[in-house]
Amino acid sequence: MKQRTWPCRSEGSRFSSLSFLKPHDKDKRSRISSINKATAKSTTSSRSSSSSSSSRPPSNEFGDFSMLPYDILMKIAAPFSHPNLQAASLVCKSWRDALKPLRESMLLIRWGKKYKHGRGGVRANLDKALDSFLKGAMRGSTLAMVDAGLVYWERGEKEKAVNLYRRASELGDAVGQCNLGIAYLQVQPSNPKEAMKWLKQSAENGYVRAQYQLALCLHHGRVVQTNLLEATKWYLKAAEGGYVRAMYNISLCYSVGEGLPQNRKLARKWMKRAADHGHSKAQFEHGLALFSEGEMLKSVLYLELAERGGEAAATPVKEVVHQQLSATFGGQAVHHAIHQANNWRPLPVTR
């Protein structure tokens, strides 16, 4: 929205007039002149004082970010992404010094990921990856806590993973909150109350994976009572946030009117969006819909993609479409569709 700046309003009268003096009123004229000079001098002095005070830096009367206790500082800055951390470190020297441990943790996370995935000329070594993540976690980074928790979880050391997820969650990390919620569902014995608490907190913090997981629990009555209205609300939020599985599920809900009014147009919209983001079942469903409408060329593209994505049911339908295309347009149409599928790339998805 374009902002508008209104003109400044005069502090004086709307109208002004010159004083009317007779030529012989010299004493009066002299008095007025001296008053005007004094007023002007006073105004200039006041403006100068105001300008100098506004140019001075604000006092440190209330302290600043770097003066906060370390545990509070970590609660604020621990979830910072690398770009945000770098930007905050450029504010002033005291901020740069205060955030030094977190900047070190970012470097450790980078090395940890190299060791975990064998990237950047480094041979994969899970022990070294975990060591780097733990060192980053010791410096207060919630990102490192989550990464270390993932390694422990993959190793089957679930209690250690849960402890790290909980530390990250209490510092406000949405990914840690989501992982903690899912962990409480999967550990033995499970803890549904804590699981829903952390999933909802993560979802409210805007993490789309948590929004989708929360919707699944509410939709299928998993660990909580079924609530279709709430489920579709969270499916829609996750879908709008770019989570492809939520796009597919909200399409199905619109298609059958589950949890919200039936709306075929919105169902088609979300099914196509899921298909364009690479969801193989959505590609199959969308391909079938196009086939039923006689859109053979478009249909065969989505059916080809669905088959490549592992949807076995797409194969017989695709063969029927191939036969009809060949009979109508010749074999060139089929080759064109396959060429399109070879060059097709999914739209980016939110993990």
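Residue numbering: from 1, along the chain as shown.
Just so you know, glycine gets a Cβ as well, placed from its N, Cα and C.
As recorded in Swiss-Prot:
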- 1-60: region 'Disordered' (REGION)
- 32-41: compositional bias 'Polar residues' (COMPBIAS)
- 42-59: compositional bias 'Low complexity' (COMPBIAS)
- 62-111: domain 'F-box' (DOMAIN)
- 105-141: repeat 'Sel1-like' (REPEAT)
- 142-175: repeat 'TPR' (REPEAT)
Helix, strand and coil totals (DSSP H, G, I; E, B; other) for the repeat 'TPR' (142-175): 29 helix, 0 strand, 5 coil
For the repeat 'Sel1-like' (105-141), the number of residues DSSP places in helix, strand and coil: 26 helix, 0 strand, 11 coil
